[in-house]
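Chemist: Got a structure for you, questions after.
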Amino acid sequence: MNLELYLNQLKENGYKRTPQRLKILSYFIGQKNRFVSAKSVMSHLQNDMCNISLDTVYRNLYLFKDIGIIELTSYNGENLFLLKNEINTHEYKFICTECRITTGLNLCPMEIMDTSLDDYFIYNHKFEVYGLCPSCL
């Protein structure tokens, strides 16, 4: 995963490269396809940037989400974030509840649903399966 690619995406959307954004993106790149919480991002950044606030972390995470750099999910009441890349482009995922690694699922549940929604306009959907990966069993 190329940091410059994500920094260019920021620039294309009119946002500056800041030390905080650089550190957050670098942290996500190191997570290798894992969902992470804002608190884990902050605790990692506090080693290098002792004056960063959780509010700053959240603002940047939601900015990244809004411009398509990361995606958001919720599990057990906690928001978790995942860096989008060529590996995890699937909208349908298995998420390990222990290590939070994700694996794309090669199916669309909408294709197997009955036709009870024929009269509805569906503009988006999401499908996630939670459990333990082979490493965490």
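Cβ from N, Cα, C; glycine included.
Note that TrEMBL annotation is computational and uncurated.
In case it helps, TrEMBL gives these features for our protein:
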- HIS90, GLU111, HIS125: Fe cation binding site (BINDING)
- CYS96, CYS99, CYS133, CYS136: Zn(2+) binding site (BINDING)
Chemist: Would you mind reading off the Cα separation of CYS136 (Zn(2+) binding site) from GLU111 (Fe cation binding site), to the nearest angstrom?
Modeler: 31
Chemist: Once the DSSP letters are reduced so that anything not helix or strand counts as coil, what is GLU111 (Fe cation binding site)?
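Modeler: DSSP call for GLU111 (Fe cation binding site): helix.
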Chemist: Using C-alpha atoms only, work out the spacing between HIS125 (Fe cation binding site) and CYS96 (Zn(2+) binding site) and round it to an integer in Å.
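Modeler: HIS125 (Fe cation binding site) and CYS96 (Zn(2+) binding site) have their Cα atoms 20 Å apart.
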Chemist: Do any residues at least six apart in sequence from CYS96 (Zn(2+) binding site), in the same chain, have a Cβ closer than 8 Å to its Cβ, and if so which, in order?
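Modeler: Set apart from CYS96 (Zn(2+) binding site) by at least 6 residues yet with Cβ under 8 Å, we have THR102, TYR130, GLY131, LEU132, CYS133, SER135, CYS136.
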Chemist: Which ones in the same chain are close to CYS99 (Zn(2+) binding site), with CB under 8 Å and 6+ residues apart in sequence?
Modeler: ARG34, CYS133, SER135, CYS136
Chemist: Which entry in the list of binding-site residues, CYS133, CYS136, has its Cβ near the fewest other Cβ atoms, using 10 Å as the limit?
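Modeler: Counting other Cβ atoms within 10 Å of each of the binding-site residues CYS133, CYS136 gives the minimum at CYS136.
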